[in-house]
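Right, one structure below, let's go through it.
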Amino acid sequence: MAESSSNPTRINILGKDNIIIDHGIWLNFVAQDLLQNIKSSTYILITDTNLYATYVPSFQSVFEKAAPQDVRLLTYAIPPGEYSKGRDTKAEIEDWMLSHQCTRDTVIIALGGGVIGDMIGYVAATFMRGVRFVQVPTTLLAMVDSSIGGKTAIDVPMGKNLIGAFWQPERIYIDLTFLNTLPVREFINGMAEVIKTAAIWDESEFTTLEENAKAILEAVRSKNKSADRLAPIRDILKRIVLGSARVKAEVVSSDEREGGLRNLLNFGHSIGHAYEAILTPQVLHGEAVAIGMVKEAELARFLGVLKPSAVARLTKCIASYDLPTSLQDKRIVKLTAGKECPVDVLLQKMAVDKKNEGRKKKIVLLSAIGKTYEPKASVVEDRAIRIVLTPCIRVHAGVPKDLKVSVTPPGSKSISNRALTLAALGEGTTRIYNLLHSDDTQVMLNAVAQLQGASFSWEDSDVLVVKGNGGRLQATSTPLYLGNAGTASRFLTSVVALCNPTDVNSTVLTGNARMKQRPIGALVDALRANGVGVKYLEKEHSLPVQVDAAGGLAGGVMELAATISSQYVSSLLMAAPYAREPVTLRLVGGKPISQPYIDMTIAMMASFGVQVQRSAEDPNTYHIPQGTYKNPETYIVESDASSATYPLAVAAITGTTCTVPNIGSKSLQGDARFAIEVLRPMGCTVEQTDASTTVTGPPVGTLKAIPHVDMEPMTDAFLTASVLAAVASGTTQITGIANQRVKECNRIKAMKDELAKFGVTCNELEDGIEVTGIPYTELKNPTEGIYCYDDHRVAMSFGVLSTISPHPVLILERECTGKTWPGWWDTMSNYFKSHLEGEEEPHSSHVSHEKPRKGNPKSIFIIGMRGAGKSTAGKWMSEVLNRPLIDLDHELERREGQTIPEIIRSERGWEGFRKAELDLLEDVIKNNPTGHIFSCGGGIVESEAARKLLISYSQNGGIVLLVHRDTDQVVEYLMRDKTRPAYSENIREVYYRRKPWFEECSNFRYYSPHPDGSKALTEPPFDFSQFLSVICGHSNHLEEAKKKPQSSFVSLTVPNVSKALDIIPKVVVGSDAVELRVDLLEDYDPEFVAKQVALLRSAARIPIVYTVRTVSQGGKFPDDDYALALKLYRTGLQAGVEYLDLEMTMPDEVIEAVTNEKGYTHIIASHHDPKATLSWKNGGWIQYYNKALQHGDVVKLVGVARELSDNFALARFKASLAAAHDKPFIGLNMGTAGKLSRVLNGFLTPVSHPALPSKAAPGQLSAAEIRQALALIGELEPRSFYLFGKPISASRSPALHNALFRDNGLPHQYSLFETDNAADVKELIRATDFGGASVTIPLKLDIMPLLDEVSDAAKVIGAVNTIIPVGSGDKVTLRGDNTDWMGMVYALRNAGVVKVSKESPAAGMVVGSGGTTRAAVYALHDLGFAPIYVVARNADRIKALAESFPADYDIRSLSTPEEVAAESTAQPSVVISTIPADKPIEQSMREVLVASLRHPSVTNGKHVLLEMAYTPRHTPLMQLAEDAHWQTIPGLEVLAAQGWYQFQLWTGITPIYTDAQAAVMGN
C-alpha cells in the first residue's frame, strides 16, 4: 500500500481535529497515532472476512513492532454484508471480547465499510457502558458518510438502524488508497452520498462532480490491475472526499444529536431508506438513496419549491455516475428480479423514520442545487408523497372559476434537440437558456458526450453551457441507447455518420421495444445512397442500426422521401455542412410532411452561421453549403408550442384564462397557430402578440365543434384538439395528421380507443380522425383507467379532459410526461389547483396492450440434411401445434409450375433454382411471420443470403429448428432411397460441409433417438412433444412444481445414457425431473451430448435438468474451460431442456450469454461450497443468493453440514429470504449431517435411486426415503383411500395401491368399503384425511351428485370410477374422473396399437352395451377409430348408446353375419369386449363375432382383442379370437392400468407399470 508523502489533512469535528485524510496512512501513521494519542492496554481490530487477509496481517506486523510489550492487539473477523449487522453478531462479538478479558480501557478499531462502522461503533457504545473506538472506513460510502458523526446502530426486522446510539469515534482515519481495491459497484454506490452532500450544501462542489464524472468513472472502470489504478484521479478523489467529509463534519458540529440541521444529511434517505428496506440486500444503500434523491427532488418540484431544471440537473448528475434514477432502471429490475415496492408498504416504512414528528413525515426538500428549502427536514403530507411514488395519477375535476394564470411551458423539444445538435457540431461556446430538461434531451446530451462531440456544464442551475468541438466526433464501441426518444434517434443517425473511426469503425444506435418498431427506413436509404454504410441489426427499417464512421457524408445530390417524418429532412440538413462537397437535398415522393419543422431547422441553422438556400425552381429542393457552425454566445429556446396547447386547452375547457408568455405569432413552431386556428373557432377568446398568447374559454360545456380543420402544420396538437372536440357540440373532423400513426404509438387509434372509454365516438380517417362530442356531464367513467402507450402527449391530453370529467379519472403511466414536460402534473396542481391523487396500477389495466401471450406464435422453419427426418418432424409438429405445414420444395414447385429437377435441367440451372428458393424463403418470412411451419430443402444453407435470412430470423425471436439423427443412419437411408435426385458428391462429405451452416442458422436442434421405421414414427413421439412444449413456451412445469409441497429431481450419474436405458424408467419414478450430469459423461463433444439429451428425454419422459458441474463446485468439469462450458450450455439450450443449472462462479460474459439465449428454458442459478467455507449462520451466502436471484428462475445454494444445527441455520436463512422474494429456492447441505436439509427442502430436491451406480452428492437420499422421513416427522400426513361398490371382496385394488404406496415411501392406506348406497360414503369423502377413492358398480353414476366437479371424459362416458381431492385445508374440491378408458388405451398401446391417422382410417368394435361399454367407445374414439361397431343383444340399447354420443363417433350396430359382410371395406382391427365371461356368449352375438374375427380382410396387419372381464383369466371370447389369429389382452391388464392411472392422479407419482401389473397379477 502506498504511503503518504506529506502530512495528512485534518478536519475539525465537534472542536477536535479528529478526521484525518490522505493517501496511504493505514500502515505507519495509524498505528503510531493510536499508540501515542489513544493509549490502551488492549486494541481490538475488527473487520470482515473479505478484508482480513488483505489488510490485517500487515497492520499487525507494523503495530507489534511499534507497541510496548504490555500492549496487545486482538483481531476478529465477521462475514461481510448487511446480514451481519444484527443482534446475533453484536452478541457474538461481545461474548468474544469478554472471553478475552477486555476491560473499559479497550480501544476498538472498526476497519471496513458502513456495516462494520455502524455495528462496531454500537458495540463500543454499549460494551461496559462505553469504550473508545476509531473508524477506519474502507469504502467511499463510509468515508464520506457513515464513519463521520457518531451514529452507530444495528438493523432489526422492522427496519435499518433502529436500535443504536450516538457514540463519537476518537479518530476517523480516511485512507484513500483503500479505494484502489474497492469493486466498481461499491465505489459508484459511495458516489451517491458525495452527490447528496453537494446537492444540499455546495453548488460549486456539485459542479465539480458534474465536470469530473467521465474521468472518475473511466478510472474506476479501468482494467488496470496495478495497485494504484485510481492514480489518474488522485487529486480529484481527495478533493471530493474532503469536500463531502467537511460538509458532514460542519453539520454534525452544529447539531450533533439531530435537532434539525443534521436532518439535512438525510436528503434522499426518507424515500431511499424505504426502497432499501424492501429491496435489501440486492440493492445497495447508495443505489437506493440515488433513487430516493430523484424522488425527493420531484416531490420538491411538485410542491412548487424547486425548479424543474434543478431536478433535471440532479438526475443527470446521478445518472452520469451510473447510479440508478428510478426503480425501472434495468439493473435494479435485474438485481431484484422485478420485485415491486407497493406505495402503502413504502409509506409504512417511511413512518418509522427517526426524523418524523409523531405521524407527520419529514423530508428534506431542495430549493436549488446546493440549497435546501428549510434548514431542516420539512413536514410533507402523505398525499403528495404518494403522487411521486406511484405510477398512476387520479385527476379530480374542480379548476376554480375566474382563475387567471400565466404558465411557462418547458423549452421546445424540437428546438432543444436541434439546438443541442447544432451546438455540439459547432465551434466555440454557447449558453442555452430554457432548454427542455426531459428524457429526450437527456438522451441527446448523453449521446453527444459519448461521441466526444461537445462538453457540457451548468450555470445558475438552468443555463446549459456547451463547448462544441466543431463536428469532430469519435465513433464509440458502446451502443447509444436512446430509449423511446424518436427525435434524438433520427438526428443522431445522420450525426454518427460524421464520426471518425477510433478503435471501432462504426457506432450502434438502439432503443427500447417501442423504438425498435418506429420507422427510420427512408433516412437510412438516403444515407446509403450517399455512400454511408448502415446495417439493420434486427428488424428492417427500424433501430437498432450500425452506422459506419464515414467522417461525413459524400455530398452532392441527395434524395429523400419526406412524407413520413420531417425529422429525416432536418437530420440530413444539419449534417450536410460537414459533407465532402456541398449538398443539394431533394425531397421526393409527394408533399413533405410538417413543413414548418423544416423551416424551423433552416432558421436555426442560420442562427448558428450556416445559410440554407431553398431552390427558386423547386420549393422541395435545398442547397446546403459546406461549412462549420459558429456557436452564438447565447441561444434562448422557445417554450414548446405543442406543450403550450395543454394549459391553453385547460383554460378553454374550464372557462378560465391562461397566458403563455413566450409563444406568440412570431414563433418558429407550427403549433403556435393552435390558439388562433383551433381554440378561437371553438368559441374561445384569443389574444396573441408577437411573443405571447392568452386564451379565455367560453362557459363550461359550450365549446363548439369545428366541421373540418387541417392540422398538418401542427400535427402533434391534434390530440389536444381531440379531447376538446369530445365535449364540444357537434362533430369535429381533423385531417393532415397521417404521420401521427408512427409516433410514440399510433396516436389516432389511441385517441379513438381511449375516448371510447368516456363514451365518445370517433372514426379513424385515412389521414385523420372524426370526433363526435357529447355533453361533458354525460362523460362515462373510464373505470380501467386511461392507458397512455408510453406517450407523453396522450397522458397530457387526457389530463386536460379530466379537469371537467364528472368522475375522477385514473391516468396510467403518469411519468411518461417526462419526455417533454416532467412537471406537467405539478403545473396542474400548483397553477390550475387540480386535486390529484397517486395510485398503484390496477392489475387489470390494459392487459391486452402489455401482456405477451404464453408461448411463441412465430412461424417455425425446419432445416437439416435430406433424409434427417424434416418431413416427419414437420408432420408431428403440425399435429401437436395445430398449425399448417408447408414443404417449401413442394411450394416452390407449385408456384413455379415445374418440378425441382425440371428447373435444374432448364437454362436456369442450379443458380436459378437457388435464386427461386431464396425468393420463396424471403417471401414466407415476410408474409407468414406467425402460425406456420415451413420445412426447408436440405440445400437451403448453400446460399449465403438464405443463411443470413435464417440467422436474422432466429435472432429476432423466430424458431429455426435443425432436425438430425444418427449420421450413419441418414447416409444408409439415402443410399437406399432412389426417389430423390442423386448427390453429385459423397453424401457424408455434403453433410460435413453443411454441418457448420446448419448450426449457425438454427437456434434449436432436435436429435431424433428413434431408429428408422420404429413404431413411434407413425405419430408424434412423447419426447418430441415434450421438446416442442419447451421451445414454443407451452411448458408450465416450473409453475406446477412451485404449487407442490414436495418435488424432486433424480441425479443421473452415468457416463453414457445409452448404456443405462434399462434402468432409467425405474430411477425416475417419483421424481418430477431428471438431472443429466453432463460433467460425468464420457465425452464432451456437443453432438454426443445432444444425443444423450435425446436418449434421456425419450427414456425418462419427464423434464430434464441439464448440469455441467465444475471441479471446484463438486463436479468433474474443468474449472477454467469457459469456452467449452459455454458451448455445452448452448447445446442444452438448443436441445430445449426444461432446466439448465448455471454456476454463478462462471465469468459474467458466460452468464450473460446463457441468460440472454435461454428462450423458455428455466435457469437454475447455483453455487456449491463443497469445502464448507461459508456458513448459513451469518451473511456469507448472501452475495451468492443475490447473484443467483439476478440471473436465475430458480436459486440453488448447496453448503456442507458438519452438525445437525447447520440444517436449522439453513432453514432460518431460507425463511428470511422467502419473506422477501417468492423465487423458488433449493437450499441444501451436503454430507451425512445434512440429510435433514434434503428432507425439509421441499422444492426440486436432488435425489438419488438405489439402482444408480453412485450418488451425485454426499448425503443424497432417494425420493422414497425423503417421503418416509417426512411421514416420520409429521410433515407428510397419512391419507385414507377406499374402494366403494358391491361386491368388492375379491378386488385386487388394495394389493395394487398398498404395494405402490409402500414402494414410494408413502404412509397411506387403501381399504375396501363395501356398499351399494352412495349416501353411505358422503361423510367419508369429506373427511380431513380422505386421500381418494376408486368407485365400481353399482355406484359409478350414483356417486356423481356428491362431487364438486367431473372431468370431461367422465361426463361423456357418464360414469366416475375415481375420486380425487384437489387443494388442501378448507379449499378441497372433490373431482370425479374415469380411468377405465385410460387403462384400455394403455393396454392397447402396450400391445402395439397406434393412433389411427386420417390418411389410414380404421374401424373398432365394442361387444356389449353395459356401463363399461361407454368407456370402451370413448377409448376407441380417443385412438381415432371410426366407425365404431357395437355388438349386443338389445338393439334398443345400442340405439340409445349411439344417440348419447356425438355424431363424429360414428357408432354403428352389427347384428347379423350379413351385416358384417356388407361392411367389407371397414372391418374392425381392434375389439373391446365388455360382456361377463362367466356365462356363454349369446348365439346371435357369437355368429357376428365369428364372422368379424374371421373376415378375409383381417388377415393383414395387427388385430387385437381386449377382454375387460378378468374371471376367468382366459375367457371363451379370447379363445375365439386366438383361433382366428388375433392377439388378445386379458382383463387384468386393464385393471392394472386403470389403477396405475388412479395412483398417478392421487399422488402425482408415475410408478413403473410393471410394478402395478405385478401387484394385480399377484406376482
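Even glycines carry a Cβ here, placed using N, Cα and C.
According to Swiss-Prot, the active site, proton acceptor annotation covers Glu258 (among others), on the basis of sequence analysis. DSSP assigns Glu258 (active site, proton acceptor) to coil, not to a helix or a strand.
His273 (active site, proton acceptor) is surrounded by 24 other CB atoms, counting those within 10 A of its CB over all protein chains shown. If you look up Swiss-Prot, you'll see His273 (among others) marked as active site, proton acceptor.
If you look up Swiss-Prot, you'll see Cys816 marked as active site, for EPSP synthase activity, on the strength of sequence analysis. Under the three-state DSSP scheme, Cys816 (active site, for EPSP synthase activity) falls in the helix class.
Secondary structure from DSSP puts His1168 (active site, proton acceptor) in a beta strand. The C-beta environment of His1168 (active site, proton acceptor), restricted to residues of the same chain at least 6 apart in sequence and closer than 8 Å, consists of Arg1109, Gln1113, Gly1114, Glu1143, Leu1197, Val1198, Met1230. Annotated active site, proton acceptor per Swiss-Prot: His1168 (among others), in sequence order, evidence recorded as sequence analysis.
Per Swiss-Prot, active site, schiff-base intermediate with substrate is recorded for Lys1196. In sequence order, Asp1141, Ile1164, Ala1165, Ser1166, His1167, Ala1188, Phe1225, Ile1226, Gly1227 are the residues of the chain that are 6 or more apart from Lys1196 (active site, schiff-base intermediate with substrate) and have a CB within less than 8 Å of its CB.
On its own chain, Ile195 (7-phospho-2-dehydro-3-deoxy-D-arabino-heptonate binding site) has Phe206, Leu209, Ala290, Met293, Leu314, Cys317, Ile318, Tyr321, Leu323 as residues at least 6 apart in sequence with a Cβ closer than 8 Å to its own Cβ. Residues annotated as 7-phospho-2-dehydro-3-deoxy-D-arabino-heptonate binding site in Swiss-Prot: Arg129, Asp145, Lys151, Asn161, 193-196, Lys248, 262-266, His269, His285, Lys354.
Positions annotated as Zn(2+) binding site by Swiss-Prot: Glu193, His269, His285. DSSP assigns Glu193 (Zn(2+) binding site) to a helical segment in the three-state reduction. For Glu193 (Zn(2+) binding site), other Cβ atoms within 10 Å of its Cβ number 26.
Positions annotated as ATP binding site by Swiss-Prot, on the basis of sequence analysis: Gly864, Met865, Arg866, Gly867, Ala868, Gly869, Lys870, Ser871. Counted within 10 Å of its Cβ, the other Cβ atoms near Lys870 (ATP binding site) come to 24, all protein chains included.
Per Swiss-Prot, region '3-dehydroquinate synthase' is recorded for 1-382. The predicted model assigns the region '3-dehydroquinate synthase' (1-382) a mean pLDDT of 92.
The region 'EPSP synthase' annotation in Swiss-Prot covers 395-834.
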> Once Glu193, His269, His285 are set aside, which residues in the chain still have Cβ within 8 Å of the Cβ centroid of the Zn(2+) site?
Replying inline: Leu141, Asp145, Ala192, Lys196, Gly268, Gly272, His273, Gly286, Ala288, Val289, Gly292
>> Of the recorded positions Leu265, His273, Met865, which one has its Cα closest to the Cα of Cys816 (active site, for EPSP synthase activity)?
In response: His273
> Within 10 Å of Leu265 (7-phospho-2-dehydro-3-deoxy-D-arabino-heptonate binding site), Cα to Cα, which of the binding-site residues Glu193, Met865, Ala868 are there?
Replying inline: Glu193
> Could you give the Cα-Cα distance between Asn161 (7-phospho-2-dehydro-3-deoxy-D-arabino-heptonate binding site) and His273 (active site, proton acceptor), in whole Å?
Replying inline: 10
>> Give me the CA-CA distance between His269 (Zn(2+) binding site) and Lys870 (ATP binding site), in Å, as a whole number.
In response: 61
> Which state, by DSSP, holds Lys870 (ATP binding site): helix, strand or coil?
Replying inline: helix
>> Taking DSSP as the reference, which of helix, strand or coil describes His269 (Zn(2+) binding site)?
In response: helix
> Do you know offhand how many angstrom separate Glu193 (Zn(2+) binding site) and His285 (7-phospho-2-dehydro-3-deoxy-D-arabino-heptonate binding site) by C-alpha?
Replying inline: 9
> Taking DSSP three-state, what's Arg129 (7-phospho-2-dehydro-3-deoxy-D-arabino-heptonate binding site) in: helix, strand or coil?
Replying inline: helix
> Out of Glu258, His273, His285, which of these recorded positions is nearest Ala868 (ATP binding site) by C-alpha distance?
Replying inline: His285
> Could you state the CA-to-CA distance between Arg866 (ATP binding site) and His273 (active site, proton acceptor) to the nearest Å?
Replying inline: 63
>> Restricting to the chain of Glu258 (active site, proton acceptor) and a gap of 6 or more, list residues whose Cβ falls under 8 Å of its Cβ, or answer none.
In response: Lys354, Lys355
> For Gly869 (ATP binding site), what is the tally of other C-beta atoms lying within 10 angstroms of its C-beta?
Replying inline: 24
